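What TrEMBL says about this one:
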type	residues	note
SIGNAL	1-22	signal peptide
DISULFID	Cys31-Cys115	disulfide bond
DISULFID	Cys36-Cys42	disulfide bond
DISULFID	Cys48-Cys53	disulfide bond
DISULFID	Cys85-Cys91	disulfide bond
Amino acid sequence: MTTYARIAVVVLLACFTSGAIAQDLPVTQQCLGCICEAISSCNTTRTCSGDVCGPFRITWAYWADSGKPTVRGESTESNSAYSNCAVDTYCSALSVQGYMSKFQQDCDGNGRIDCDDFATIHKIGGYGCKGAILPEPYGERYRQCKNIVGQYKP
Ligand SMILES: *[C@@H]1O[C@H](CO)[C@@H](O)[C@H](O)[C@H]1NC(C)=O
């Protein structure tokens, strides 16, 4: 993926996930873009592989912990609720927001909860992120994206 394509994806995600409720959500659009970039190169092909689905590589357990958001009012009990949400650009981002709302914490102990913490929680999980080192290549992809996105901050 080229740098321009990456930025396009970040902007795309920002469009899909902005809205009235965006103010109350813990993760910024830029941060969502970099998590998705790091974990899947933001591959929005609607597909599952092994036990993960979609651009954020969400597992069933992650989706369940996130509050089971669904697409267009589908029942949370439906067999397809998880995969339909996880492969959907908007719903998968909502799932990340829900997961982070529940598990947000200062993993690296720098005194604040920021995107570095969310990136760690997304990859390592809500338990045991304290002092965790990001596995590669996830960590490197995350840092590269953060550098690119950082250049466009106001
Ligand atoms: C996205 O994922 C699909 C399914 O795994 C794969 O076929 C495709 O090559 C990927 N696209 C990119 C740009 O990596």
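Residue numbers in this text run from 1 along the chain shown.
Keep in mind that glycine also has a Cβ here, set from the backbone N, Cα and C atoms.
Automatic, uncurated: that is what TrEMBL annotation is.
Model, not experiment: these values are computed from the prediction.
Here the features listed in TrEMBL are placed on the structure.
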residue : record         : contacts (Cβ under 8 Å, 6+ apart)
Cys31   : disulfide bond : Cys115, Phe118, Ala119
Cys48   : disulfide bond : Gly54, Ser83, Ala86, Val87
Cys53   : disulfide bond : Thr47, Tyr82, Ser83, Ala86, Val87, Ser92
Cys85   : disulfide bond : Ile58, Trp63, Lys68, Pro69, Thr70, Val71, Glu74, Cys91, Ser92, Leu94, Ser95
Assigned conformation of Cys115 (disulfide bond) - DSSP reduced to three states: helix
Disulfide-bonded residues compared (Cys36, Cys42, Cys115) - the one with the fewest other Cβ atoms within 10 Å: Cys115
